[in-house]
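Undergrad: Swiss-Prot feature annotations, pasted as is:
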DISULFID  Cys163-Cys168  disulfide bond
DISULFID  Cys186-Cys868  disulfide bond
DISULFID  Cys194-Cys826  disulfide bond
DISULFID  Cys254-Cys504  disulfide bond
DISULFID  Cys732-Cys875  disulfide bond
CARBOHYD  Asn180  N-linked glycosylation site
CARBOHYD  Asn539  N-linked glycosylation site
CARBOHYD  Asn701  N-linked glycosylation site
CARBOHYD  Asn853  N-linked glycosylation site
TOPO_DOM  1-127  topological domain 'Cytoplasmic'
TOPO_DOM  149-879  topological domain 'Extracellular'
TRANSMEM  128-148  transmembrane segment
Amino acid sequence: MAINQGKYKPSICAIDEVDDRSFKLHNSQDEIGGKQQLQQIEGSETAPLTTNQQKLHMDDGSHLTPKDLEAARQDALNEVAAGGAGGRTPAAITPNSTHPSANGLRALLLPGRRSFDALMSLSRKRRILYVTTACLCALLLLIIILLLAFWPEVPFYLRAPLCLDKECVESSRQLLLWANTSKSPCHETYEWACGNFASDYANHEYFVIKRGEWNYETYNEYQELNELNRFIAMLPNSQEGSVESTVSSLYRSCRETDVLDKSQSDLLLKRAINAVYGWQAFRDSNRLQSWEYKRVLVVLQAKHGIFPYYRVTVENGFSNPHDYVITLDEGELGLPDKYFYGNDADEEVVRGYKLLLRDFAINMGIVSREADLFADDIFHYERRIVNHIEDAKADANRPINKLMRLADLKIKAPSLPILESLQAIFPKTKITEDTEVLVRDPEVMHALSVLLSTSDKKPINNFIVWSLARKMLPHLSKEYRTLAETFDHALYGRTASYPRWLICSKVVRDWLPFAVDALQQQPPRQQFETMTSKSRGLNKTQGNEELLKLMFFSLRNQLKDSLEQAKWLEPAARQFIQKKLNEMRLQFGIPDEVLQQPTYLAQYYNELILNNVFFVEHLEWIWTFRRSQMEKKLGPLAILDVIVSEMYTRDNPQAIAYSNKLNMLLVSKVLISSNYYDYRYPVAVNFARIGTDILEALIDNFSTFLLQFNTQSTDISDAAPEIRYAQPDVNCLAAGQPPRLVHELNELSSNALKSFHVTLSAARTAARALSNFVNAIDAGSAIQGSGIDQANTYEALGLTRRLRIPGLRSFNENELFTLSYMQQHCSTTIADKDYARIKPLVESQLAESYLFNATWQHIQFLPRSTNCAAAEATCSNLL
């Protein structure tokens, strides 16, 4: 057998063993006596080849027969066998054979070499496949290692438990209904909070019906009236004279107004005008020869409850024990604010008002030329009244809110028949010249007296007749109602007519508020709710009241702390207000003792008679009933009667009101049983809604507290702390706004500026109270003044769970508060009227669009809660 070693042909596969061409051969025969090392020069062509090299680099064997190849293979096998039989194994002779560590390394690398040899023995395509797979696996392993090393921490809100209760889902639905959380709260704040508000209004049943501004308040009012309409429809048929029948009868009579035709309306108007001894514009009148305005004013006030020059009410006095006292203030005018009688007034509103006056006269049969004169005379006479009042208020040092004997007031204002009016309005009360009354502004009474004494009978007669007709117009036939709606278009913007069910539901609520709330708060309904919810612990009414108590004490405590920081209030005044807050109590709805008396409600409305043929005639009887309730307040009342009187004898009963007589916060149960508030809603949502409502009711009465302090203290001058307190820094609040806005804010009435101050102060205080409330829950500490077992109460109300709500899972308490509060200022106006500019003059409240921007700019908590930049400086005169 011949193996051609001299013709060694290197190939690509020879690299597997070229790196170790030097080796040692151990002579088995000389192994005992000594080892002869034979070292070959690495890379020489004479170096013996290994077995694998021999296999890979032998000649193609064209001159070798298969028999020669087989013989060579057999020789190799025999050689190996012989070495094994003789106890000797051929060993490679290497320079490092004497070092065991090197041999160990070679032994370790030997399996890798064999794997590599096996890989090289494969075909090229299979080698590429295996190498690619190995690279991909290595890359995948590297990616996994990098992901494990740099994987971000899972946010808390994704790990926090999610609340899936019905109330949590409902609160989320309410917030997401108007919000567009895909927008940036820092750069697109309104779109973030109210992005879907306008589109929801466009799809609402109230679309183009609400006059002026559709906002959160009007949205809730619509929901309330809609529920009341359904409630009235479900009232059972009761016997004649019951409260249920009175409510149903009033509602039906209101719905039937459309059957009244113009001739009947003319007859009703003329009958009412004859009751005030005629109108000089009628041709058949006696041309005012025997007409006496003092006698007419007494009839107009006592019979119809209309107060054209001075207004009579019964309010709380400023001296302890804050008993009721007859109060006199300036009277009513045709336009909503004195601004509209100025030289720079809104021309569209003035033109609409004159058109209303003119069309009324024409409908009453007055020819066009005289109707135009009538309109001009009324407007200019009302302007004279405004000018006299403003001149009287020019002196900032004049006395206000002064108790005066009627004899002294008669000397001050001899042309006003005040004594005669009071004797007619309160016939069961002894009214004499020694009776003391509270006069809001004695100088205004004097100015009005001068005006009457210097006016002719004709403008006085026109003004009194118009005051009577203006109150009747909305309840007459369609021809007269259209006149009032046309003026509303000039004032609020062009809208559709209110649906009749909405008007009548509002009439029932405003005229019979105690009956409506009492029927909705019947004990049988509560007992049924308690029985059905007993197995689940607290029912909604109980839970709402318990949480509201905690919120009230938390808000009160924060309000006291905010007062401590109000250095713009004198220390003695701050202490007085804090004392009032410490002694304040809380009342939910009508007392249970009242509802448990089966005859209380019937006796309350015993004097109300609604048996008239036409709805407009109810006006007189409703006023007679209200007048009797006012007179009862002048006598001794039981505590239950005082609570009912404080809640329902106001001109506009509020769901949350403060009683100066009782130093008590009154919260309607209708409100706390609605979807506006629920103890299972997130705490932040409740603080942003009903929490700010409570604070606004309290802060709004701080001016009254200061008047009480003025009356009871001799250390404070008559510098009218109410005015200083209620006036915010207009220049600061309007910083960064157009100059026109600064001018408009300075032109606002004190009531409008006061509401602005109240809104901002309430929001800031509520945000701080929320933080303290949440910290108290986390720490398990009690709310100061609440007097509760905090551990059981917090657990029963579910306050310790701190669950996230669906759809807003990433929002913490502060962000939820911000979103909920900002949505209270969502609004949209009628397209053809810039109502935002005149809203403060019409409603004594700033437009919601401005309040939205002002609260975001001047309440630092709101932008900071959403990680937005906030102004560091704060405006003065804010809590």
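Note: Cβ is positioned from N, Cα and C throughout, glycine not excepted.
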Undergrad: When the Cα-Cα distance from Cys732 (disulfide bond) is computed for each of the disulfide-bonded residues Cys163, Cys186, Cys194, Cys254, which gives the smallest value?
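TA: Nearest candidate: Cys186.
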Undergrad: Can you tell me which of the recorded positions Cys168, Asn701, Asn853 is spatially closest to Cys186 (disulfide bond)? Compare CA atoms only.
TA: Asn853
Undergrad: Mind looking up the mean pLDDT for the topological domain 'Extracellular' (149-879) in the predicted model?
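TA: When the pLDDT values over the topological domain 'Extracellular' (149-879) are averaged, the result is 85.
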Undergrad: Drop a 10 Å sphere on every Cβ of the disulfide-bonded residues Cys186, Cys254, Cys504 and tell me which sphere holds the fewest other Cβ atoms.
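TA: Checked Cys186, Cys254, Cys504; of these disulfide-bonded residues, fewest Cβ neighbours within 10 Å: Cys186.
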Undergrad: So if I draw a 10 Å sphere around the Cβ of Cys168 (disulfide bond), how many other Cβ atoms end up inside it?
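TA: Here the count is 22.
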Undergrad: Tell me the Cβ neighbour count for Asn701 (N-linked glycosylation site), meaning other Cβ atoms within 10 Å of its Cβ, over all protein chains shown.
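TA: I count 21 other Cβ atoms within 10 Å of it.
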Undergrad: Near Cys868 (disulfide bond), which residues of its own chain have a C-beta under 8 A away, given they sit six or more steps off in sequence?
TA: Pro185, Cys186
Undergrad: Using Cys163 (disulfide bond) as the reference point, find which of the recorded positions Asn180, Asn539, Cys826 has the shortest Cα-to-Cα distance to it.
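TA: Going through Asn180, Asn539, Cys826 one by one, the Cα closest to that of Cys163 (disulfide bond) is Asn539.
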Undergrad: Taking Cα atoms as reference points, which of the recorded positions Cys254, Asn701, Cys875 is nearest to Cys194 (disulfide bond)?
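TA: Nearest in space to Cys194 (disulfide bond), counting only the recorded positions, is Cys875.
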Undergrad: Measure from the Cβ of Asn180 (N-linked glycosylation site) and count the other Cβ atoms within 10 Å, all protein chains considered.
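TA: A count of 15.
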Undergrad: Please name which of the recorded positions listed here, Cys168, Cys254, Cys504, Asn539, Asn853, is nearest in space to Cys826 (disulfide bond), Cα against Cα.
TA: Asn853
